[in-house]
């Protein structure tokens, strides 16, 4: 469902993505690993239209979305759970859910009731301001917000970032729940345990390109690859 | 204290009247800037358009029909002008804020010059509608009824804007856009349409404020700059994108402007900008501004 070819993008004075090629089939979960600064977040933001692509194609179900605005990408069925959560601090949880449902209502299986079944903790915080929530709750709210657009593909950027291990486990269970519902996921992660727990395949980025890709089990069994590409034992 | 209050009552009431007008003007400016990073420097010119519209319809004699017609036409002109400004600034959306500010400054200069050519350079006075043109007794003092009405209109509008922004789904969209408009766009919502609507309503409030302010300030060249600077001071003090901030900021600046001119006329400008500097030093994001600005 996702086909990326020769994708380049970056910021004013630097090109970060140097020609990314990537395929992701329906219902699959790809864990994207890489050291800091190799372009993982830039890739997510470029796929979502938050950073403008300078070359290449991004096809979702055959439609080229490279260089399109985020709202166009979102309406084509892509959602993002961004790095740092980026929830709207002045809004309550309910207001987040209402705003996120605005476009997605009736376009797929996800509605507020179903999202709160997957993320029951949010149900207890509906009247709270997003700025008052814990980091884990904010992450769950960011996931809920993405799901309520009824996406075909969800891009998650470091969902475990800054969270306690118990909360990371809870986030992992939510991701597995999303996968069970048939959501296609690209998960950028520094936490190998979380990536291994949720991903069907692992891809590794270096210097703005994807340099390695294999099934998760194969990646786990060959520690030399992780050591060589990520600098971990 | 009571004696001081009593002797300065008229200045304090004037401060509230100016504050009411500034709130109507500044709330649109603040939300547009906070939400869309568009610093609309044509806001003062739109106010002036409203003021001249009021003079055009009321110079033959102030009537309620003429006054209400001026308000209606000003609202329409403001909405249209906001739409035009939105379209004009769109190609600059990905460029620095200053580029858009310069564009709107250019628009402002052109509008002010056209108004000057059409209406001349004299200060034109505008009468208040019948029933509000006289002074009434208020707390033992004689005070213009129109200014009291203006305070009331400002308060009602403040409540209406507060309820819309804080309690409705449209308001949630506005607050979300102020907090992080990219994420609003990532929900599938077209920011450009939101921008047209917000700039339209903000500009409408500016032209309507021009009509409402005409019986107080009249219509004259240069009024646009004076009023824009006051509104910008209110926005910076209150914090970008905050209705509460615009309200409190307008009340503070209304009093600073009015009491300052009455008590320390030589230092009035210094007190105004001194207040601004003090708030910026103590709280750079303004009294109620967001921690993180949209688009940053």
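From the backbone N, Cα and C atoms, a Cβ is placed for every residue, glycine too.
Your range for transmembrane segment, going by TrEMBL and the list B:40-58, B:173-191, is B:40-58. The stretch with the most CB contacts under 8 Å to the transmembrane segment (B:196-217), chosen from B:12-33, B:101-120, B:145-165, B:229-251, is B:12-33. Between the transmembrane segment (B:101-120) and the transmembrane segment (B:40-58) there are 3 or more Cβ pairs closer than 8 Å, counting only residues 6 or more apart in sequence, so the two stretches are in contact. For the transmembrane segment (B:145-165), the most Cβ-contacting stretch among B:12-33, B:40-58, B:229-251 is B:12-33 (pairs under 8 Å).
Same-chain neighbours of the transmembrane segment (B:229-251): 15-16, 19-20, 22-23, 25-27, 29-31, 33-35, 43-44, 154, 158, 161-162, 165-166, 174-175, 178, 257, 272-273, 275-276, 279-280, 285-290, 293-294, counting only residues six or more beyond its ends whose CB sits under 8 Å from a CB of the stretch.
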